[in-house]
Amino acid sequence: MPEPVAEPALNGLRLNLRIVSIVMFNFASYLTIGLPLAVLPGYVHDAMGFSAFWAGLIISLQYFATLLSRPHAGRYADVLGPKKIVVFGLCGCFLSGFGYLLADIASAWPMISLLLLGLGRVILGIGQSFAGTGSTLWGVGVVGSLHIGRVISWNGIVTYGAMAMGAPLGVLCYAWGGLQGLALTVMGVALLAILLALPRPSVKANKGKPLPFRAVLGRVWLYGMALALASAGFGVIATFITLFYDAKGWDGAAFALTLFSVAFVGTRLLFPNGINRLGGLNVAMICFGVEIIGLLLVGTAAMPWMAKIGVLLTGMGFSLVFPALGVVAVKAVPPQNQGAALATYTVFMDMSLGVTGPLAGLVMTWAGVPVIYLAAAGLVAMALLLTWRLKKRPPSALPEAASSS
């Protein structure tokens, strides 16, 4: 974890601008993810002639690479400092675009072209994990650990913004210049971000002795489990709300997803100091309660307006879960291990979103679409119970106490 630079307290607009000036590098990394997201599946299936399996695999490779590389990103950020990790990650984003460019050049040889696309996706996954983890820690190093919740919140906001912008922009780039035009756009975004990052002052890495990975995992896994359980609600909304609306014979699934995103971002903007004022565990429990109500409304909805209110509440509830639990998880380890703690904690969300889709699909096939929202509400209720138990544990039994001993 970087050591924050000693300077006067930051407040309000100045604080937010300071944070945004760093998390914009995470925005750039997610923009390089969003740009090809709506293009590559169709390109692999229609233009290259491969099956839907290969089209899906090309997209999934990035997520697997992110999942496997994230703990290493946190560890290296603790040792080398977050700025170097961000630049390294952005270089990976640049190389992913170069991989797409080579795939376009090799389009006469479909297997080679597919291999180059897959390589680009793997490099992108590694780059995103490093740029995302590093930008959070860099932001904390700039504004101080008191504002870690706000830094994490802003990272989520720019992530959603980049993905929302990237997909339609990528379609336009592909329509304009084919895969080559898309690749050059990805490379241009990453290169611009690298050039903006290099002159920025770095923050010092903490020189303390790092804990082994197993020790870090032991101190954050309960918070990660609560996050994983709560992420199921987000997963079933994002993946299956369209099928839910189709099963009901309703229109407006896209608007429901828009409501979720607006609620997610709006809640983070409206309550930037909620975690500092109430505490991470308290905020998480409130959020779980709101998310449960939202999922129950969706699962039992008899009218479209009920489902839309449910989706809105689910977005509001899930919005602050990650930063609220993340603040507590990061403080459960010494400063020199907080990068590893943040990365390890994030892995639980990655894994949850990875398994929610197929498991919910099996449940949906067996019991119908609405049941998955009721099941997700049950999982979030388990997260609420787990967090309540964590709050009730005596201080001597909490990971934070152990980390300071």
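Glycine is treated like the rest: Cβ placed from N, Cα and C.
Sequence annotations record features per position, and here Swiss-Prot assigns transmembrane segment to 19-39, 48-68, 85-105, 106-126, 129-149, 156-176, 178-198, 224-244, 252-272, 283-303, 344-364, 366-386 (among others).
Tertiary neighbourhood of the transmembrane segment (366-386): same-chain residues 222, 225-227, 229-230, 232-233, 235-236, 240, 243-244, 247, 284-285, 288-289, 291-292, 295-296, 298-301, 310, 317, 360, selected by CB-CB distance under 8 Å and a gap of 6+ residues from either end. Tallying C-beta pairs under 8 angstroms between the transmembrane segment (283-303) and each of 85-105, 106-126, 224-244, 252-272, 344-364 places 224-244 first. Of the Cβ pairs linking the transmembrane segment (19-39) with the transmembrane segment (344-364) and spaced 6 or more residues apart, fewer than 3 are under 8 Å, so the two regions do not touch. Note on the transmembrane segment (344-364): residues 63, 66-67, 70-71, 74, 133, 213, 216-217, 220-221, 223-225, 227-229, 231-232, 234-236, 239-240, 243, 322, 325-326, 329-330, 371-372, 375-376 of its chain, located 6 or more positions outside it, place their CB under 8 angstroms from a CB of the stretch.
Sequence-distant contacts of the transmembrane segment (252-272) (same chain, six or more residues past either end, CB-CB distance under 8 Å): 16, 150, 153-154, 156-157, 160-161, 164, 237-238, 241-242, 244-246, 304, 307-308, 311-316, 318-320, 323. Between the transmembrane segment (129-149) and the stretches 85-105, 156-176, 178-198, Cβ pairs under 8 Å are most numerous for 85-105.
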